[in-house]
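See structure below.
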Amino acid sequence: MRTLILLAAILLAALQAQAELFSVNVDEVLDQQQPGSDQDLVIHLTGEESSALQVPDTKGICACRRRFCPNSERFSGYCRVNGARYVRCCSRR
(Lines of atoms letter the chains of each structure in order from A and count residues from 1; the text may use other names and numbers.)
(Lines give C-alpha, C1' and ligand atoms only; values in the text may rest on other atoms or scores of the structure.)
Protein backbone atom coordinates (compact mmCIF):
# COMPACT_ATOMS: atom_id res chain seq x y z
CA MET A 1 0.00 0.00 0.00
CA ARG A 2 2.83 2.39 0.82
CA THR A 3 4.44 1.64 -2.53
CA LEU A 4 1.22 2.54 -4.33
CA ILE A 5 0.96 5.86 -2.48
CA LEU A 6 4.61 6.64 -3.20
CA LEU A 7 4.19 5.88 -6.91
CA ALA A 8 1.04 8.02 -7.06
CA ALA A 9 2.88 10.94 -5.42
CA ILE A 10 5.77 10.65 -7.88
CA LEU A 11 3.35 10.51 -10.81
CA LEU A 12 1.49 13.62 -9.61
CA ALA A 13 4.76 15.53 -9.14
CA ALA A 14 5.89 14.58 -12.66
CA LEU A 15 2.55 15.63 -14.18
CA GLN A 16 2.64 18.96 -12.35
CA ALA A 17 6.19 19.66 -13.55
CA GLN A 18 5.20 18.79 -17.12
CA ALA A 19 2.14 21.08 -16.92
CA GLU A 20 4.27 24.01 -15.71
CA LEU A 21 6.78 23.42 -18.51
CA PHE A 22 3.98 23.32 -21.10
CA SER A 23 2.51 26.57 -19.73
CA VAL A 24 5.88 28.35 -20.05
CA ASN A 25 6.33 27.05 -23.63
CA VAL A 26 2.88 28.30 -24.65
CA ASP A 27 3.70 31.75 -23.27
CA GLU A 28 6.96 31.75 -25.26
CA VAL A 29 5.10 30.83 -28.47
CA LEU A 30 2.52 33.56 -27.93
CA ASP A 31 5.26 36.12 -27.23
CA GLN A 32 7.02 35.21 -30.49
CA GLN A 33 4.02 36.06 -32.66
CA GLN A 34 4.52 39.07 -34.88
CA PRO A 35 2.62 42.28 -34.09
CA GLY A 36 -0.42 42.58 -36.32
CA SER A 37 -0.55 38.83 -36.96
CA ASP A 38 -4.02 38.70 -35.40
CA GLN A 39 -5.57 40.73 -38.23
CA ASP A 40 -8.23 39.27 -40.53
CA LEU A 41 -7.11 37.80 -43.83
CA VAL A 42 -9.45 37.48 -46.80
CA ILE A 43 -8.42 35.77 -50.04
CA HIS A 44 -10.69 36.15 -53.08
CA LEU A 45 -10.46 33.48 -55.75
CA THR A 46 -11.58 34.07 -59.33
CA GLY A 47 -13.29 31.46 -61.46
CA GLU A 48 -16.73 30.22 -62.44
CA GLU A 49 -17.84 30.01 -58.84
CA SER A 50 -17.36 32.91 -56.47
CA SER A 51 -15.55 31.80 -53.35
CA ALA A 52 -13.63 33.38 -50.51
CA LEU A 53 -11.49 32.04 -47.70
CA GLN A 54 -11.66 33.93 -44.46
CA VAL A 55 -9.39 33.32 -41.53
CA PRO A 56 -11.34 33.81 -38.30
CA ASP A 57 -10.44 36.60 -35.92
CA THR A 58 -8.03 35.21 -33.32
CA LYS A 59 -7.96 38.17 -30.97
CA GLY A 60 -8.41 37.36 -27.31
CA ILE A 61 -6.87 34.80 -25.03
CA CYS A 62 -5.64 31.68 -26.82
CA ALA A 63 -4.04 28.48 -25.57
CA CYS A 64 -2.51 25.38 -27.10
CA ARG A 65 -4.47 22.29 -26.01
CA ARG A 66 -3.52 18.65 -26.48
CA ARG A 67 -6.72 17.24 -28.01
CA PHE A 68 -9.76 19.51 -28.22
CA CYS A 69 -11.18 22.85 -27.13
CA PRO A 70 -13.50 23.04 -24.11
CA ASN A 71 -17.00 24.47 -24.58
CA SER A 72 -15.86 27.89 -23.32
CA GLU A 73 -13.32 28.18 -26.19
CA ARG A 74 -13.41 27.83 -29.98
CA PHE A 75 -11.04 26.08 -32.38
CA SER A 76 -8.64 28.54 -34.02
CA GLY A 77 -6.12 26.37 -35.85
CA TYR A 78 -3.01 24.54 -34.73
CA CYS A 79 0.21 25.49 -32.95
CA ARG A 80 3.55 23.75 -32.54
CA VAL A 81 5.49 23.60 -29.28
CA ASN A 82 8.88 21.85 -29.37
CA GLY A 83 7.87 20.09 -32.58
CA ALA A 84 4.61 18.70 -31.17
CA ARG A 85 1.30 19.73 -32.78
CA TYR A 86 -1.47 21.07 -30.53
CA VAL A 87 -4.96 22.45 -31.07
CA ARG A 88 -5.16 26.25 -30.73
CA CYS A 89 -8.23 27.31 -28.72
CA CYS A 90 -9.31 30.93 -28.21
CA SER A 91 -11.84 32.37 -25.78
CA ARG A 92 -15.30 33.04 -27.17
CA ARG A 93 -16.52 36.60 -27.37
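Placement of Cβ uses the backbone N, Cα and C atoms for every residue, glycine included.
Taken straight from Swiss-Prot:
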DISULFID  CYS62-CYS90  disulfide bond
DISULFID  CYS64-CYS79  disulfide bond
DISULFID  CYS69-CYS89  disulfide bond
SIGNAL    1-19  signal peptide
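Structure coloured by features recorded in Swiss-Prot.
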{"residue": "CYS62", "record": "disulfide bond", "DSSP (3 states)": "strand"}
{"residue": "CYS69", "record": "disulfide bond", "DSSP (3 states)": "coil"}
{"residue": "CYS79", "record": "disulfide bond", "DSSP (3 states)": "strand"}
{"residue": "CYS89", "record": "disulfide bond", "DSSP (3 states)": "strand"}
Check: At the level of the C-alpha atoms, what whole-angstrom distance separates CYS62 (disulfide bond) and CYS89 (disulfide bond)?
Finding: 5
Margin query: Measuring Cα to Cα, how far is CYS89 (disulfide bond) from CYS64 (disulfide bond) in Å?
Written below: 6
Item checked: Count of other CB atoms lying within 10 Å of the CB belonging to CYS79 (disulfide bond) -> 19
Next item on the list: Ten-angstrom check, please: count other Cβ atoms within 10 Å of the Cβ of CYS89 (disulfide bond), all chains counted.
Entry: 21
Item checked: Around the Cβ of CYS62 (disulfide bond), the count of other Cβ atoms that are within 10 Å -> 21
Next item on the list: Tell me, if you would, which residue among CYS64, CYS69, CYS90 (disulfide-bonded residues) has the fewest other CB atoms within 10 Å in the structure shown?
Entry: CYS69
Checklist line | Distance, CYS69 (disulfide bond) to CYS90 (disulfide bond) (CA atoms, angstrom) | finding: 8
